[in-house]
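Notes for the one structure printed next.
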Amino acid sequence: MSGSYDEASLAPEETTDSFWEVGNYKRTVKRIDDGHRLCNDLMSCVQERAKIEKAYAQQLTDWAKRWRQLLEKGPQYGSLERAWGAIMTEADKVSELHQEMKNSLLNEDLEKVKNWQKDAYHKQIMGGFKETKEAEDGFRKAQKPWAKKMKELEAAKKAYHLACKEEKLAVTREMNSKTEQSVTPEQQKKLQDKVDKCKQDVQKTQEKYEKVLDDVGKTTPQYMEGMEQVFEQCQQFEEKRLVFLKEVLLDIKRHLNLAESSSYVQVYRELEQAIRGADAQDDLRWFRSTSGPGMPMNWPQFEEWNPDLPHTAAKKEKQPKKAEGAALTNAAGVVESTSQAGDRGSVSSYDRGQTYATEWSDDESGNPFGGSEANGGSNPFDEDAKGVRVRALYDYDGQEQDELSFKAGDELTKLGEEDEQGWCRGRLDSGQLGLYPANYVEVV
């Protein structure tokens with residue numbers, strides 16, 4: 001009976017979740033340990049984002065490299081080719097910015113949190129943090145006298161409630177005995193004495209209970225003051241963490257927000273300028289002069305037979321090879337590129353590894369001035385297929401799209417003899433075909 005009564009009387013206190021209850025300060029102490037863990041979580045968060053930025057930067061670089069190669073090998077030409085290529089330049093520059101973002105996240109933001117955490121939390125030899133132990137000891141010291149009084153109060157309350165219970169039980173028995181014929185006067189007197197004794201016990205326990213309760217009330221202000229003092233110290237420590245992490249988050253935002261970067265804005269300003277610089281009419285004129293009616297032509301004319309030059313016809317018929325990359329001089333004396341735009345396959349087909357040959361043919365049905373019969377059965381492309389290895393004597397930067405660029409000491413393959421303008425057709429080790437000045441190289 002007494003056990004069930006105790007449980008019922010203590011139930012309201014057990015459900016109380018107030019900070020002032022004994023032991024409930026532990027949530028405030030735990031917040032210190034949580035702060036250290038949250039610093040670790042933020043560093044992990046930043047580290048993962050930096051990893052994403054690094055991967056994205058590498059993907060942009062790989063994409064730009066691949067498509068720049070595809071564009072160079074593809075059929076696009078002129079100013080639009082340069083505008084298209086500017087997209088790859090944008091990717092390279094944005095890749096650099098994301099690489100810088102990754103570096104800022106790791107070298108600045110993450111290191112800043114790491115250093116602050118090291119200065120704010122001090123590990124103990126026995127485990128845990130010094131700051132946590134100081135808070136725990138402070139709360140325990142402030143709460144100890146009050147907790148002792150509360151223990152006395154619980155005991156006094158328990159005794160008072162038990163006395164009340166016994167009194168009620170004695171009164172009930174005494175009243176019931178008056179209606180029972182079997183109860184003797186002596187027994188009736190004992191029951192009455194029991195009631196009187198229980199009432200005295202109730203009076204004594206009530207007085208003690210009220211006295212202890214009064215003592216608790218007197219110690220409560222001092223208890224609250226001590227607990228408030230320790231709590232405010234914990235609040236100040238937590239405030240430093242909250243303010244610091246807010247500053248770090250603002251730094252992270254600044255590093256992530258490329259829209260506020262002047263370099264980022266400049267990238268797209270330059271990209272727009274490059275795209276707007278594309279001129280369809282210029283490209284059409286260039287194509288007309290290099291692959292259309294604007295090209296120079298050695299029109300057929302009567303030639304006297306010269307017995308001293310038995311291979312004249314064959315040499316004349318080798319000239320059409322220049323359509324793949326030779327340079328011819330027009331009537332005004334200006335060197336014009338005759339590189340055929342159709343010689344390059346489409347951008348996407350290059351990626352599939354397809355090879356595209358020149359579209360024109362020297363078959364007799366399409367070339368009334370050529371043929372193996374007229375050349376004594378020789379193949380005008382044998383010389384191109386074989387080639388001769390040569391070494392550059394000087395640096396040369398191609399001035400036209402059909403010209404090769406190389407450095408002194410580079411080796412390349414010579415694919416034809418020098419023409420009357422002093423140009424040779426060759427192939428770089430990268431596979432690029434084009435023209436170069438014949439006197440800039442020597443045979444290896």
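From the backbone N, Cα and C atoms, a Cβ is placed for every residue, glycine too.
Lifted from Swiss-Prot, the feature list:
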- 26-275: coiled coil (COILED)
- 385-444: domain 'SH3' (DOMAIN)
- Tyr394: phosphotyrosine (MOD_RES)
- 313-384: region 'Disordered' (REGION)
**OP:** Give me the non-local Cβ neighbours of the residue listed as 'phosphotyrosine': same chain, 6+ apart in sequence, Cβ-Cβ under 8 Å, ordered along the sequence.
**Re:** Ala408, Tyr440
**OP:** Could you please provide the mean pLDDT value for the domain 'SH3' (385-444)?
**Re:** 89
**OP:** List the helix, strand and coil residue totals of the domain 'SH3' (385-444) as derived from DSSP.
**Re:** 5 helix, 25 strand, 30 coil
